Amino acid sequence: MVSLDGTGKTIILYRLKLEETIISISTIDFNAKTINYKNISFTIWNVGGLIFVVDSNDRDRIGEASEELQRMLENDEFKGVPLLIFANKQDIPNVMNTTEITEKLGLHSLSNRNWYVQATCATSGDGLHEGLDWLSNQLENVE
């Protein structure tokens, strides 16, 4: 799981692992947790993976997030793999919706890759399982 700092990765990680909200401080090194979901084991690292988290409330850094995502997707290890975007912090009023985030990240220009943007709220857990459902289905179709 990758993103810019302050997007809610650690809260998402612990919400999925422990089914509870934790108060988080910035991750200095990395976290790695294994989550079993629908008979698929996801090992989620905050330094790399198939899930990119966007702070839906941070319009000032969405361009930077887009650049970081594009750099990551150029890596050979990620060529063609399904991409799940967690559009986090949807509980805050007037945030970017999934359509706006799709546009700002330039996702329609991606070729040879399935992608999906899921609205989420890490603190309540809203949308997290729906996103993993999509990713699980994508991974099952590859096998």
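Note that Cβ sites are derived from N, Cα and C of the backbone, with glycine treated the same way.
In TrEMBL, annotation is done automatically, which means it is predicted and not curated.
If you check TrEMBL, you get these features:
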type: BINDING; residues: T10, T27; note: Mg(2+) binding site
type: BINDING; residues: G49, N88, K89, Q90, D91; note: GTP binding site
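Between the candidate binding-site residues, N88, Q90, the densest Cβ environment within 10 Å is the one around N88.
Taking the Cα atom of each, Q90 (GTP binding site) and T10 (Mg(2+) binding site) are about 16 angstrom apart. Of the listed binding-site residues T10, K89, D91, the Cβ environment within 10 Å is emptiest of other Cβ atoms at D91.
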